[in-house]
């Protein structure tokens, strides 16, 4: 009958056998079976001394309530050297202290494969070091992973003994379990017990002969080494700082969380940021720092979301829109040409990599769904927002019709391919080629028109056009903003107070990494800092291809330094040289500086948009919002929030026509180049066969709403004589709300 009150052991003590003949002479294994290897006289003496120390430790640290009322139960490996060790250890204990002994075959030594020839075993063990100690299986023997399996089985039996009180312990007594085993078996036992990873097992050092390690039950109700062993001892065992901290936290019940949920282990297996690698692991803030306390997690994540939005808006308005305008002027690009090149590249580059990663990982639904949901978001919500924000403003008739028609043709062709259920390599190449043809057509059309009409635009004309655009955008806009500010004055005041706190550090951070092209804004310190930090930002972007700590031979032969240190040395030297030599600002804006500023603006918008996505996803998960809602909102918004902020910033900068063109060119770039490149890779892998596409009604709905938004914009703006009306912006936002509602219903029904 099971005892209703479970008596947990006060201590679990792991002990390795004493010095054996095999430890002195490895050749002994060639003539004597492993299980018959005896102890040496030194080993016997070690065991007797260890028995005395063990008894003194247990007796000294027994609880005051129990006094001397403690007992010991032994588990021992059936090998000769462990059994002899136990006999010698037992001489330190009186008979009344020992409840019993069980010979347990599952805690035997790792099987190395019968008789062991010394030369052969030396070569085998060298191979094991290269292969990995945990997974390497000895010929005719076991791997440490095999030992792990049988030790796991032993642990289950041991706990059944405790649960059913098979040790027959009096409730007033302290139970001490002593396991006399082998070095590797004991390390495997600890790995299983504390849920350590294979990598953490690999770093552990072996027990010394007759060394014992004491796990005692702490106030937290968990076993820990930290009561009887110092941090220095645990470091000597090979435990990492995180492993030692975990042991300390087990002592008094102040553990942050278990290994199962703390990011120390969880982030190695799952991307907690919804397939979007980020700088911060927002789930670990909740699980590991705030101890799963929503009272702290929710406000902090909400503040971080506000911070991310602030950095996005600051980057887009202060840097991206200004630099994009300067670059378009320098290259003498029309709004259409700037949209299909600069805006499309800036907004779409991150989505290209995301689409490639999704399809390469076999998640074609994720790739299609993300691109189409983001396309609908931009063509409906972003276009609508730009229209509400800056309307009424004119668009060039030919350019507008061209952009929307090309996007319609591309979306329709992709829709046809999706409905067919398969795609061939020539079709995938056609997507990428179609965008290249589109860019060439835009350049031919704009250049041809300008040359034909003699419209080589001067700087004065550009300034005049910019001024006119600003007047168009600011007339009704100011009254609209004033009305909104009055309605939400309390919210804006709160946001203003919060934003003032982080305004200076954010501005400094952006200025350190994004150069200012204008000579009037030139700073010798910031320009030197740009030389140091811009390469590091780009290096971080390429981290998935080249690790920051990738070893590089540099300066000294046979010396490998991490890549980041080499880059730091080189950029710091250049920065010091620049700071020393350059005393005056340049007389004119330099094109290379404008290009670098454009690239770094794209880097910040892409990075912060990803962080915003991760933070929103974490907040939604903690609030237990439906996954379907998160997928249709957070994931789509995360892919397109950069487009929204960048396009609105460009519209505010006096270029609403360029922003409108970017609303069509950007998603088309994502669809044709991003999704197209990924499909080229996948179809090439199965060539000459077709790559199969499964049918899902949610993707069909996304196609339908995308086509509706494009056809609606084409008809309404054409009907309005190519002026964007504000009412159509409201309609487009409503269309996106309807798309979200319908998609959410379909996702809920499907799940």
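A Cβ is built for glycine as well, from the same backbone N, Cα and C atoms used for every other residue.
Nobody curates TrEMBL annotations by hand; they come from automatic prediction.
Matching 540-560, 561-581 against TrEMBL, the residues noted as transmembrane segment span 561-581. Within the set 324-342, 343-361, 400-418, 457-475, the record from TrEMBL flags 400-418 under the feature transmembrane segment.
Take the transmembrane segment (294-313) and the stretches 424-445, 561-581, 593-619, 727-749: counting Cβ pairs under 8 Å, 593-619 has the most. For the transmembrane segment (400-418), the residues of the chain that approach it from at least six positions outside its boundaries are 336, 339-340, 368, 375, 379, 427, 430-431, 434-435, 438, 441-442, 445, 660-661, 664-665, 667-668, 671-672, 675, 693, 699-700, 703, 706-707, 710-711, 713-714, 717-718, 722, judged by C-beta separation under 8 angstroms. Residues 364-365, 368-369, 372-373, 375-376, 379-380, 383, 401, 404-405, 407-408, 411-412, 414-415, 417-423, 664, 728, 731-732, 735-736, 738-739, 742-743, 746-747, 750 of the same chain sit 6 or more residues outside the transmembrane segment (693-715) yet have a Cβ under 8 Å from a Cβ within it.
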